[in-house]
Amino acid sequence: MSDNKPSEGDNKLQLKAPRRIVLKKTVEGSSIKQNFAHGRSKSVAVEVRRKKTFLKPGSKEGGFLIDQEKPEEIEEKKEAPKSPKRGEERHILRPLTPEEIEAKQKELEAKRQAEEEAARQKAEQEAARQKQEAEAARRKAEQEAARQKQEAEAARRKAEEEAARAAAAAPAAPVAAPAEAAPAVPVAVAEPVVVAQPAPEAPAPVVEEEMVEAKPLPAAAPAAPSAPVRLLHQPVEEEPKRKLSKAQREEMARRKTEDLVSKRLNQLEELREQKRKEDARKEAEVALAKKEKPVVAATAAAAAEVVAGRTPREDSAGEPFSAGRRKNKKYQDNEDRLQQPRGKSRRRKPFKSEMQAPAPVYREVTIPETITVGELANRMAVKSSEVIKLLFAQGMLVTINQTLDQDTAVLVVEEMGHKPKSVSESAAIEAELDAGEDAAEDMETRPPVITVMGHVDHGKTSLLDAIRSTDVTSREHGGITQHIGAYQVTLASGDKITFLDTPGHSAFTAMRARGAQVTDIVVLVVAADDGVMPQTVEAINHAKSAKVPIVVAVNKIDKPGSNPDRVMQQLSDHGLVPEAWGGDTIFVHVSAKSGEGISTLEEMLLLQAEMLNLQSNPTKKRARGTIIEANLDRGRGAVATCLVQNGTLRVGDICVVGNEWCRVRALNDDRGNQVSEASPSMPVEIIGLSGVPQAGDDLVAVNDERRAREIAQFRQQKDKEAIQAKQQPATRLEDMFEHIEQGEVEELNVVLKADVQGSVEAVAEALRKIKHEQIEVRVIHTGVGGINESDVMLAVASGAITVGFNVRADAKARDLAKREQIDLRFYNVIYDLVDDISLALEGRLAPTVREKVLGHAQVREVFRITKIGNVCGCLVTDGIIQRNGKLRILRQNVVVYEGPVSALKRFKDDVKEVREGFECGISIEKFNDVKVDDVLECYVEEQVKQTLS
């Protein structure tokens with residue numbers, strides 16, 4: 001038999017176990033904590049089944065040794081959930097219900113709010129306590145400083161008195177040895193003034209993260225802390241020993257960090273405030289010490305020892321030096337030096353430079369009469385886009401080259417913040433051309449200028465013919481005056497009178513107004529048979545606006561049916577009361593045909609002129625006059641009729657005439673005779689103009705031809721800019737929307753040429769007055785003289801008609817117009833011109849559609865016919881029903897359908913119409929919902945030609 005002792009490598013079960021058997025619980029009950037992503041957690045009961053194990057003393061349990069000194073680690077390791085081993089039962093964890101989740105969230109939120117409120121209240125209490133302590137320390141320091149100040153003042157006075165007594169009692173010492181006499185003089189030195197500083201709180205243990213400014217100020221004397229030591233890091237209460245989720249741990253850490261940061265910031269702010277107060281107190285004490293330095297009258301020895309109120313052993317603040325004092329001062333100096341930056345800049349105060357935006361520059365912007373958008377922007381030193389944006393915001397669409405008037409430019413400059421300065425170069429030129437006042441000794445009597453005004457066909461020109469013994473009326477087209485005529489008449493007495501004959505037609509309003517402005521007396525001609533007419537009233541208004549006296553000539557008194565008294569009554573209603581009725585208006589009854597009353601009229605005119613005392617300076621004044629009429633003559637060029645008003649106009653003079661200039665080549669009087677000079681109130685015809693001036697322009701003589709050219713060119717440029725601004729105004733958004741809603745208005749373009757400038761103005765104004773809501777006349781070009789090839793080319797490009805008034809077209813213009821099929825119209829009377837243009841406009845108007853009701857029929861019966869529909873059996877109640885008409889179905893006076901008649905029959909025959917009282921059958925196209933007692937209204941649509949009136 002073998003030995004019963006087993007070998008070391010034998011693994012067979014023996015009766016005696018090598019280790020002792022320990023019976024432990026095979027089933028252990030515990031709980032684990034289940035955490036969810038949303039922050040909730042739940043405890044779950046877990047049972048762990050174990051097998052029997054053999055344990056030796058001191059062996060490890062569960063893979064780790066039990067350490068009694070580290071319960072936290074054991075707790076954490078025990079609480080860590082273990083993954084189930086293979087073969088063990090897996091437990092499924094039940095998730096929380098929505099109600100439980102909501103309740104848990106409310107609980108956590110309430111807890112967080114309670115913690116925040118408690119922390120806030122605690123911080124407020126701490127801040128209030130610190131504030132009270134700081135205030136108490138400040139008051140105590142102020143009281144102590146006041147007490148020490150009083151003691152120092154008393155000691156200083158005492159020292160001064162003792163020094164004065166000692167100086168008076170001691171013998172005078174030699175000046176050469178002041179040092180030997182110094183010890184013999186007992187000098188009382190004032191005790192050092194010790195300023196009590198408020199005892200700061202005990203320095204808290206400063207952590208490494210704190211800033212330099214947070215270190216406490218050094219105490220004046222070592223003293224026990226007056227308050228218990230406060231730690232920056234307060235001990236945090238231990239959390240209950242339970243497993244927290246990751247979100248909860250992060251939230252708690254965040255709150256702790258925020259509390260710590262806010263607490264440190266509060267402490268730092270308190271320390272800074274204390275340091276600021278301490279610095280301010282020290283500065284105040286130093287300033288007070290400098291102000292109160294005593295001036296002691298002592299001997300030379302005392303003066304050597306006492307300098308500026310302190311001993312040589314005192315510092316600048318008046319305090320004695322000591323070892324502790326030197327140490328503290330050195331510590332403070334080093335501390336201040338550390339706070340200063342390194343390098344050379346340590347000697348200077350830190351300076352922080354900041355970039356500052358440049359201040360806006362406001363300018364005085366000079367604005368002429370017209371200016372472009374780009375030029376205005378350059379003068380304001382801004383971008384053109386800014387000006388365009390500003391005008392766009394105001395509703396104006398402009399471009400960089402758009403011309404603005406002065407008022408608009410002023411508004412833009414003010415809106416941009418600049419100061420506008422409006423200048424007028426035209427005003428400067430006018431001031432240059434103005435010669436000033438005339439001396440009284442140079443004035444001489446001049447002939448009166450009399451304008452004859454009145455209604456058309458009342459005999460104005462015939463009256464002038466009777467006075468001049470001429471026959472102008474027979475040479476006028478249509479028997480009416482269409483130009484201003486200027487004549488000078490020499491009476492039998494030798495006196496001279498200048499007459500201006502103005503047109504009476506309504507189209508010549510501008511001519512009449514121009515004649516009233518240059519006249520001295522107005523002769524108002526009224527026909528005794530017609531009485532006061534519209535142009536008569538207009539002439540009265542022109543004369544009143546010009547403040548010119550009126551002499552009424554009642555013409556045609558020899559004509560049957562004349563009633564001068566009615567004329568006087570009508571004129572009285574307009575403010576012209578006759579002298580016979582107690583007024584101040586002169587009435588003269590004349591007859592241009594028989595010559596009756598002509599001499600009386602001349603006498604009244606001379607009397608009125610004498611009362612006006614008309615004078616001028618003919619010798620010592622530059623010539624000045626007004627252009628009455630201007631035209632373009634084929635052989636002589638531009639010709640103008642001028643009425644000289646002051647000075648004397650001579651041949652060879654250089655003149656500025658409106659936008660033109662001239663060197664006078666010839667002067668012709670009213671009868672066509674050449675003269676060498678023209679005196680005041682004399683009408684003459686001037687030859688030698690650079691162009692055709694406008695009627696009403698001023699003529700001024702100048703000394704220099706170059707200056708005359710410059711003025712003329714400047715005026716032409718200004719007129720060109722004004723025309724461009726008028727022709728191309730800034731487009732407004734409101735106007736654009738209005739055109740979009742209403743549609744474009746059709747235009748009739750006209751190129752107008754006339755013999756004289758006054759006729760051009762009159763005809764153009766008459767054409768512009770022809771208006772209609774759908775069409776209007778647009779005069780695109782005007783000129784004086786015959787129609788040439790360029791006028792026809794302009795008409796071709798713009799699709800215009802060419803109108804000539806008292807002029808004709810040359811051969812080239814006629815050939816071009818024939819090839820291009822351009823309509824050329826020629827007129828001598830303004831009536832015919834206006835009538836033809838009106839007819840042309842009416843021809844372009846679209847006809848209007850007018851509805852005409854023919855009759856009514858009542859539905860008596862409705863028949864249903866296959867493949868046709870409903871047929872109405874009707875009775876015509878009034879009018880007729882036509883086959884080609886339209887029907888309107890009325891049901892209780894309400895229109896239910898409109899449409900054409902499909903079929904109209906009487907019995908079985910188709911008929912064209914059915915009259916009143918007869919029955920018929922009517923079929924309506926595309927409508928079958930006809931009921932008994934409906935009324936059928938028959939109507940037709942017809943086109944009617946529109947008229948301008």
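Along the chain as shown, residues are numbered 1 onward.
Note that Cβ sites are derived from N, Cα and C of the backbone, with glycine treated the same way.
A 10 Å cutoff on Cβ-Cβ distances gives LYS460 (GTP binding site) a total of 29 other Cβ atoms nearby, all chains included. Marked as GTP binding site by Swiss-Prot: 454-461, 501-505, 555-558.
Residues or ranges marked as compositional bias 'Basic and acidic residues' by Swiss-Prot: 67-92 (among others).
The compositional bias 'Basic and acidic residues' feature in Swiss-Prot is assigned to 101-164 (among others). When the compositional bias 'Basic and acidic residues' (101-164) is classified with DSSP, helix, strand and coil residues number 64 helix, 0 strand, 0 coil.
Summarising the annotation, Swiss-Prot assigns compositional bias 'Low complexity' to 165-183 (among others).
The annotation compositional bias 'Low complexity' is assigned in Swiss-Prot to 217-228 (among others).
The compositional bias 'Basic and acidic residues' (235-288): residue composition by secondary structure is 43 helix, 0 strand, 11 coil, according to DSSP. Taken from Swiss-Prot, the feature compositional bias 'Basic and acidic residues' applies to 235-288 (among others).
Positions annotated as compositional bias 'Basic and acidic residues' by Swiss-Prot: 330-339 (among others).
Positions annotated as domain 'tr-type G' by Swiss-Prot: 445-619.
Taken from Swiss-Prot, the feature region 'Disordered' applies to 54-183 (among others).
The region 'Disordered' feature in Swiss-Prot is assigned to 217-288 (among others).
Residues annotated as region 'Disordered' in Swiss-Prot: 305-357 (among others).
Annotation comment: Swiss-Prot describes 454-461 as region 'G1'. Averaged across the region 'G1' (454-461), pLDDT in this predicted model comes to 79.
The feature region 'G2' is assigned by Swiss-Prot to 479-483.
Swiss-Prot lists 501-504 with the feature region 'G3', giving similarity to another entry as the kind of evidence.
Residues or ranges marked as region 'G4' in Swiss-Prot: 555-558. For the region 'G4' (555-558), the residues of the chain that approach it from at least six positions outside its boundaries are 458-459, 462-463, 525-529, 564, 589-594, 596-597, judged by C-beta separation under 8 angstroms.
In the three-state DSSP assignment, the secondary structure recorded for GLY454 (GTP binding site) is strand. Classification of THR502 (GTP binding site) by DSSP places it in coil, neither helical nor stranded. All chains included, 19 other C-beta atoms sit within 10 angstroms of the C-beta of ILE557 (GTP binding site). The number of other CB atoms found within 10 A of the CB of THR502 (GTP binding site), across every protein chain shown, is 29.
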